[in-house]
């Protein structure tokens with residue numbers, strides 16, 4: 001008798017069918033099949049007395065549901081193989097109820113799409129984990145209530161916005177982080193400091209240092225006026241006064257969790273997310289990496305055994321790590337992101353599957369990270385030379401790798417430095433003492449990767465939602481793209497200001513983090529989800545509903561401080577929804593259609609208004 005396997009993504013069907021053969025039929029739910037209705041109080045789609053969601057079939061899944069219902073009646077056993085996270089568990093639970101297969105389903109979970117993993121999952125079936133379902137249900141209800149209510153209030157309190165504003169439990173905190181960083185940059189006061197270098201040649205230099213009286217707690221910095229006095233006292237050569245030799249192990253490498261990989265990739269979070277999904281689902285012969293939506297740094301014992309065999313065979317026993325960072329005591333259900341087979345090097349994978357450049361880049365990062373994490377650490381020998389001139393101290397260091405460890409797979413790290421080979425009391429000729437004046441720089445803006453890392457550090461958001469949150473911030477026009485950075489827009493600042501007036505608690509990082517902790521406890525079965533929602537709803541009504549009446553309405557229109565040359569009224573910043581381009585236009589539109597590009601804009605703006613809502617003017 002055939003068995004039916006239901007997966008989430010149709011991209012997995014061919015591979016899993018190949019592994020299981022003709023005894024199994026494989027179909028896909030194509031993600032969630034149900035969604036919250038816009039019904040009940042405030043359109044929440046939730047019964048506020050029982051905290052049960054009010055679901056309806058997704059419009060774009062009608063045919064999928066019809067086909068699954070028809071197929072489910074033909075099989076005596078149905079294996080629900082949705083993703084192994086909370087969302088996947090919720091999809092599984094909804095499928096069981098929708099298809100009415102409570103008495104003939106089995107839940108199977110796998111962390112990688114390989115023949116061994118799939119068959120092992122089938123041999124060890126489970127039931128739906130209701131704790132995970134409750135955690136997902138709670139998260140969805142919270143997001144719906146907070147998002148719907150705050151979005152509605154913000155929309156009412158901002159007039160003439162370029163686009164309808166929205167708010168969200170995690171989205172608004174992410175916006176706050178970006179704006180807080182911008183405020184930090186604007187309030188930054190630079191510190192002037194100087195450094196002095198003693199140049200022996202174009203390649204060899206020595207740095208002035210002062211450990212006794214460091215300026216601004218930095219032994220290499222000098223107060224500028226003092227530096228000018230010191231440079232006048234420096235004449236002639238340096239003399240070696242001290243030599244310190246030390247050996248130190250390099251840091252262990254931690255296996256990738258998703259947030260760290262986003263930052264390391266250095267490209268848009270959406271592109272990374274798409275690449276990870278492609279690599280996970282595979283290129284026709286199984287997945288190339290383990291399940292990517294993870295916040296774990298654990299590696300499975302099976303993979304560690306595979307890695308050990310690979311390392312011994314290719315490099316030798318001495319290269320096998322004694323212990324793995326991120327492994328001990330880490331008992332979560334998921335693993336770090338890792339390759340499914342270390343024998344499939346990035347170059348082999350690129351040749352075999354014709355990987356796209358972005359997939360090759362991401363796979364290379366994952367492959368190298370996982371292999372490094374399971375290899376022994378390098379040992380570095382460092383020689384520090386301390387020299388003097390007229391009672392002023394200078395230093396230089398040189399290092400050598402005496403055991404290459406995981407640098408074995410990173411040849412660029414093994415480049416030989418030019419050795420000084422100095423001895424005590426050696427005289428070092430100096431051709432120039434150079435004074436360099438500098439100042440401290442403001443903190444960098446967030447990139448997409450560093451924002452995700454910051455959110456992960458304070459436990460705001462989940463791996464499955466990080467890329468979506470950034471996409472939403474862009475679509476809502478709350479942020480503008482700088483050069484690989486996220487710059488808050490004026491509109492985003494207005495929205496955040498209104499959110500603070502409505503409920504500063506809800507867009508507080510600690511509050512959102514505490515919610516994530518509650519969701520974790522619900523998933524573990526140690527917290528009652530209904531109690532969590534009861535407490536939330538009581539506080540939410542108290543904080544939000546009582547403040548709404550006192551909030552003033554603010555216009556989102558921003559003047560340019562310049563008059564229109566055609567009809568002598570204010571010019572304002574405008575936004576074209578179709579081209580997603582910001583420009584300057586006349587406030588008397590549509591009567592006056594004068595437009596011009598922003599100063600220093602790389603794009604010229606044509607005199608053509610597209611899809612501009614007259615209602616908003």
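We number each residue from 1, going along the chain as drawn.
Using N, Cα and C of the backbone, Cβ positions are placed for all residues, glycine too.
Annotation comment: TrEMBL describes 2-113 as domain 'Toprim'. Residue counts for the domain 'Toprim' (2-113) under DSSP, helix first, then strand, then coil, are 45 helix, 26 strand, 41 coil.
For residue 32 (site 'Interaction with DNA'), the Cβ neighbour count at a 10 Å cut-off comes to 17, with all displayed protein chains included. Feature annotation from TrEMBL assigns site 'Interaction with DNA' to 32 (among others).
Residues or ranges marked as domain 'Topo IA-type catalytic' by TrEMBL: 129-544.
Under the DSSP three-state reduction, residue 139 (site 'Interaction with DNA') is assigned to helix. The Cβ of residue 139 (site 'Interaction with DNA') lies under 8 Å from the Cβ of 86, 519, each of these being in the same chain and 6 or more residues away along the sequence. Taken from TrEMBL, the feature site 'Interaction with DNA' applies to 139 (among others).
As annotated by TrEMBL, site 'Interaction with DNA' applies to 140 (among others).
Look at TrEMBL and you will find 143 (among others) tagged as site 'Interaction with DNA'.
Taken from TrEMBL, the feature active site, O-(5'-phospho-DNA)-tyrosine intermediate covers 291. All protein chains shown were included, and the count of other CB atoms within 10 Å of the CB of residue 291 (active site, O-(5'-phospho-DNA)-tyrosine intermediate) stands at 25.
Under the three-state DSSP scheme, residue 293 (site 'Interaction with DNA') falls in the coil class. All protein chains included, residue 293 (site 'Interaction with DNA') registers 24 other Cβ atoms within 10 Å of its own Cβ. What TrEMBL lists as site 'Interaction with DNA' is 293 (among others).
Residue 476 (site 'Interaction with DNA'): 23 other CB atoms within 10 A of its CB, across all protein chains. The feature site 'Interaction with DNA' is assigned by TrEMBL to 476 (among others).
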Shortest C-alpha distance to residue 291 (active site, O-(5'-phospho-DNA)-tyrosine intermediate) - which of the recorded sites 32, 140, 476: 32
Neighbourhood of residue 143 (site 'Interaction with DNA') by C-beta distance under 8 A, where only residues 6 or more apart in the same chain count: 168, 169, 170
Alpha-carbon distance [residue 32 (site 'Interaction with DNA'); residue 293 (site 'Interaction with DNA')] in Å: 16
Confidence summary for the domain 'Topo IA-type catalytic' (129-544), mean pLDDT rounded: 92
Pairwise CA distance, residue 32 (site 'Interaction with DNA') versus residue 140 (site 'Interaction with DNA'), rounded so that it is a whole Å: 13
